[in-house]
Amino acid sequence: MAKNVVVVGTQWGDEGKGKIVDWLTDHARGVVRFQGGHNAGHTLVIGQKEYKLNLVPSGIVREGVACYIGNGVVLDAHHLLSEIRVLEAGGIKVRERLRISPGCPLILGYHAALDRAREAAKAACDKIGTTGKGIGPTYEDKVARRALRVYDLFDRERFAAKLKANLEYHNFVLTQHLGAEPVGFDEVFDEAMADAAEILPMVADVSAELYAVNKAGGSLLFEGAQGTLLDIDHGTYPFVTSSNCVAGQAAAGSGVGPGRLHYVLGITKAYCTRVGGGPFPTELDIETPGTPGQQMSTKGREFGTVTGRKRRCGWLDLAALKRSIIINGVTGLCITKLDVLDGLAELKLCTGYMLDGKRIDLLPMGSEEVTRCEPIYETLSGWSGTTFGAQSWDALPQEARAYLHRIEEICEIPIDVISTGPERDETILRRHPFGA
């Protein structure tokens, strides 16, 4: 019987979703991206090869698995083709297995120009930490009903007319409000038409194809990008991304009914990280040698896949995790990077906050309130042994098992999967999402 699983990040992104999606793909007929754009990065380690992906679903490295880019994704066609060529150079067949929704809004040159100019104009304290890739301005165009979509690539005249109108609007903002250079019509149009020749053969009715896969008994894996705490509605607004990163978006962003989402796997690191601006209650010093934060940063190789920026690091925040569990309807958790904590004498779990003199047990919604939150910690013993590469629960040190049990107790949700390294087999399975 077909079963559909949604994988979402429960933190601020970078939770290790790519490896888990790849690991789960053995049981899926297809993998679906349903939100975000090429601002999200995921890294897969397969044998001696490392693949850094932004737009192509992680299932592409599994032979015979179909991959879908749903209507909720904003698409930089030029970047997608560059990514495809890198994969093809590595011997991976992509074009015959990748299907793109005609409803995807297109990221064009003026979107990136707007993104960069706006961020440059902000005061340092107001900077979001955008990747500057045009994601936000493209979603703005979508909501304003002026976006050019993949569908428009089929008609040169329609595309040209819409592009001309959009450039008149956006170039006014760029030149008159932001003091930036205008973006030329020919440059954007010519690149889009050149890309269209390669993109259009991969365009398909994604919603109908996903329905057909399920009807034939095939299971699907929905791959979330970024993380719940970056969600445009539920995250630490305004220090968020421009899309919905939560499990419910899997339905809207791909064209499947919510009743066909059967299991939600929430991915969380054994600690917390964040890239860019915004409040982070459990943040630690990552620069001082010998400190827990510095170990998380260096041992965890905490640098952004897309930007290369150092990630901020801190203790695992269970008040934030519980908020994510509620929002996503998480069925089970997957803990990643447990091995990064190996060797620390003691560990701390944030179980709640003091906010304006009162204790609260869930992350508040406004970033101003989150900034005022002071974490309440519970201290646990660390472990001297290694968890790296462990493949069974019993192979973990007793203190590591106690740490995981405490997370389950406080969050009232089972930990079904534990990742102990980047390779596929460095995984502990307690309950399989496709079998649960």
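Every residue gets a Cβ built from N, Cα and C, even glycine.
According to Swiss-Prot, the feature active site, proton acceptor maps to D14, an assignment based on sequence analysis. If you look up Swiss-Prot, you'll see H42 marked as active site, proton donor. What Swiss-Prot records for 13-19, 41-43, R311, 337-339, 419-421 is GTP binding site, and it gives sequence analysis as the kind of evidence. Here Swiss-Prot flags D14, G41 as Mg(2+) binding site. The IMP binding site annotation in Swiss-Prot covers D14, E15, G16, K17, N39, A40, G41, H42, T131, R145, Q226, T241, R309, and the record cites sequence analysis as its basis. Sequence annotations record features per position, and here Swiss-Prot assigns substrate binding site to T305, V306, T307, G308, R309, K310, R311 based on sequence analysis.
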Quiz item: Considering only the binding-site residues G41, T131, Q226, K310, which residue has the minimal Cα-Cα separation from K19 (GTP binding site)?
Solution: G41
Quiz prompt | Packing count at G308 (substrate binding site) (other Cβ atoms within 10 Å of its Cβ) | solution = 8
Quiz item: Which recorded positions (G13, D14, T43) fall within 10 Å of Q226 (IMP binding site) by Cα distance?
Solution: G13, D14
Quiz item: Expressed to the nearest Å, what is the distance separating T43 (GTP binding site) and G308 (substrate binding site) at their Cα atoms?
Solution: 13
Exercise. May I ask for the distance between H42 (active site, proton donor) and G16 (GTP binding site), taken between their Cα atoms and rounded to an integer number of Å?
Key: 7
Quiz item: How many Å separate the Cα atoms of L338 (GTP binding site) and G308 (substrate binding site)?
Solution: 22
Exercise. By Cβ count within 10 Å, point out the most packed of the binding-site residues listed: K19, R309.
Key: K19
